[in-house]
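The structure under discussion appears below in the form of structure tokens.
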């Protein structure tokens, strides 16, 4: 368990106090994949670097288990950092070392015997699919391969927590998907707690269990990804979701003016996503429908669908009640 208790961070610049992170309270459970999303300058990198004390807090407490991280120094802080791995946006590999040498580096610093290092490096390179690239140098690798080296290196000391600082931002979409699949596999197989920061809601949707949304250094929304993604409350969260779904809300509302009837947003979650609910209820209630927008996708392993439809004719109240009875979440956009 990682607990932030009124943790905050400020800087002094030319005599002015700059607040990077306002006091916040947050809990991240053991074994979770927890996402932190925000635009540039929102405070997300500051927050994640407070966990391993790469940033020093200005106040508040940070607990990992029962240990107060904010009170550690010297040997205690070094021991903490061995339990926390970290991967970076631009990989931070040593160009003069081979792939195997980069993965071995933290073990060498820890004084691990050579035979143990060699065995651990071989194990990790197999896990990330790079066993055939052990003797190559970073300049000979693709971006995705470099990030896999970064992941293997971060796992070398058998950490309990893995911090991912914009780990896919420098990668193309296909490579991003493969790296996210690898992180999800590591979470499942090793039970690691993963804290991932990003500015892309699609990354959150694919791999995270819960998410926190930061805006201008403030925690503005948090909860399960299914709830936050499908029913965003804060304006910043709604913008992230619209960007992920490639929806122009202003254009969509202009489309509303061109159609008549009652407009509703229908949200299907789980196996019900694939049930023919809309057609059945239309037949039962005599309602006609016009689909204005639609999407079927997955949030991590859970299928979901969202439709915005205009209902005309028939018994629209009965249709709405029928959707609710079928487990569909209904939001009235225009009655």
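Backbone N, Cα and C atoms are what each Cβ position is placed from, and that goes for glycine too.
Database features (Swiss-Prot):
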{"type": "BINDING", "residues": "38, 39, 40, 41, 42, 43, 44, 45", "note": "ATP binding site"}
{"type": "DOMAIN", "residues": "2-241", "note": "domain 'ABC transporter'"}
(request) Compile a sequence-ordered list of residues in the same chain as residue 39 (ATP binding site), six or more apart from it, whose Cβ lies below 8 A from its Cβ; state 'none' when nothing qualifies. (result) 199, 215, 236
(request) Please determine which of the binding-site residues listed here (40, 45) has the lowest count of neighbouring CB atoms within 10 Å. (result) 40
(request) Inside 10 Å of the Cβ of residue 44 (ATP binding site), count up the other Cβ atoms and send me the figure. (result) 25
(request) Report, as a single number, how many Cβ atoms besides its own are within 10 Å of the Cβ of residue 42 (ATP binding site). (result) 24
(message) Given a separation of at least six residues and a C-beta threshold under 8 Å, show me what packs close to residue 41 (ATP binding site) in the same chain.
(response) 216
(request) Specify all same-chain residues, apart from the site residues 38, 39, 40, 41, 42, 43, 44, 45, whose Cβ lies within 8 angstroms of the center of the Cβ atoms of the ATP site, ordered by sequence. (result) 199, 214
